[in-house]
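**Student:** Before I ask anything, here is the structure I am working with.
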Amino acid sequence: MRPFIERLPKAELHVHLEGTLEPELSFELARKNGITLPFDTPEALVEAYDFHDLPSFLTIYYAGMSVLVDEDDFYRLTWDYLAKAASQNIVYAELFFDPQAHTARGVAFETVITGIRRAQQDAAQRLGVETQLILCFLRDMSAESAMEHLEMARPYLDWLVGVGLDSDEKDNPPTKFAAVFARAREMGLKLTMHCDVNQTDTLANIGQVLDDIGVDRIDHGVNSLQSDALWQEIARRRLGLTVCPVSNRFVVQSLTSAEIRDMLDKDMLVTINSDDPAYFRAYLNENFVALQEEGGFTADEIVTLVANGFEAAWLPDARKSEYRDLLDKAAAGRVDA
Ligand code: ADE
Ligand code: ZN
């Protein structure tokens, strides 16, 4: 199945750009920016990755960002991910970024978004990878800070497709950001929010993203299966769920293959994604391969999961159809996409 998975043209809808920062690039940027890392080698840095829940991951993830300082650093981060994406036959990606994690360190919003944007344009031209950008708010910061950053983004609205919500979910429910997301909607942006796996109050939070926020998609959302009312509503609205198997394994010791199969059986729009691939040491193909092995998915089921990625994308229907045709041809072995 690995060669089959590798050759399929794929979409990635849940990847944090800051989560694509490879240890080697950390060291290179640290040297360039005169920053001393508390590790001697990239290998030693990887050995310190000890994730067992969301907070233990987030501590290491935010510390890692200190090496991202100027526009070229954000360009390089984005370019390196997109080159990797192209090598995995990812033809379309929606990219999360966390501006508050940078402005809090004194890096200007403009520096961050301009570097990312340049790499997106170069990747479209030179690698043939189409991308759109999603601004994520950090839910453990205040709603006022989120609103300020939404306003900072106003001059760059054409560069954004949507807004998201990430970071530590505990005691930071979706409704804390209701006004911010309502304004983002008025600005013409799509809405998504993380409902990470097995969080405190997860069912209440999933209910809020549906009823109070009115999201266009849900990031993770696996626990919705525990409530008939929730999963039925998600299926009825045909809301995409961006599930991240390897990321989940750090929290629930499984790739949630049983849950993903259950979602397929319930005709839910479940998609497969990598989340923070440099930290979890698995890009999109590795997520699909591991998931297939754990869950015994058939080739047709893999194609459905990939097709769901294009269907759940924030693209015009005509563009989605083009990608679907490309996928069907590659799945049938007619073209090497
Ligand atoms: N930031 C980066 N990855 C995240 C995740 N999976 N959940 C919440 N915040 C994140
Ligand atoms: Zn995520």
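Any Cβ shown, glycine's included, is placed from N, Cα and C.
Just so you know, TrEMBL annotations never went through curation; they're auto-generated.
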**Student:** Which candidate from Asp267, Asp275, Asp300, Asp317 does TrEMBL annotate alongside His14, His16, His194 at the Zn(2+) binding site?
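**Tutor:** Record source TrEMBL; matching candidate: Asp275.
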**Student:** Roughly how many angstrom lie between the C-alpha atoms of His220 (site 'Important for catalytic activity') and Asp276 (substrate binding site)?
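**Tutor:** Cα-Cα, rounded: 13 Å.
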**Student:** Could you tell me which of these recorded positions, His14, His16, His194, His220, has the greatest number of Cβ atoms within 10 Å of its own Cβ?
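**Tutor:** Neighbour-count leader: His14.
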**Student:** Taking only the binding-site residues His14, His16, His194, which one has a CA atom nearest to the CA atom of Asp276 (substrate binding site)?
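**Tutor:** That would be His16, nearest by Cα distance.
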**Student:** Count the Cβ atoms, other than its own, that fall within 10 Å of the Cβ of Asp276 (substrate binding site), considering every protein chain shown.
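**Tutor:** The answer is 27 other Cβ atoms.
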**Student:** Measuring Cβ to any atom of ligand 2 with a strict under-6 Å cutoff, which of the recorded positions His220, Asp275, Asp276 qualify?
**Tutor:** Asp275
**Student:** To test your reading of the Zn(2+) site: which residues beyond His14, His16, His194, Asp275, same chain only, put their Cβ within 8 Å of the Cβ centroid of those residues?
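**Tutor:** Sorted by sequence, the hits are Val15, Gly19, Phe96, Asp166, Asp219, His220, Thr242, Cys244, Ser247, Asn273, Asp276.
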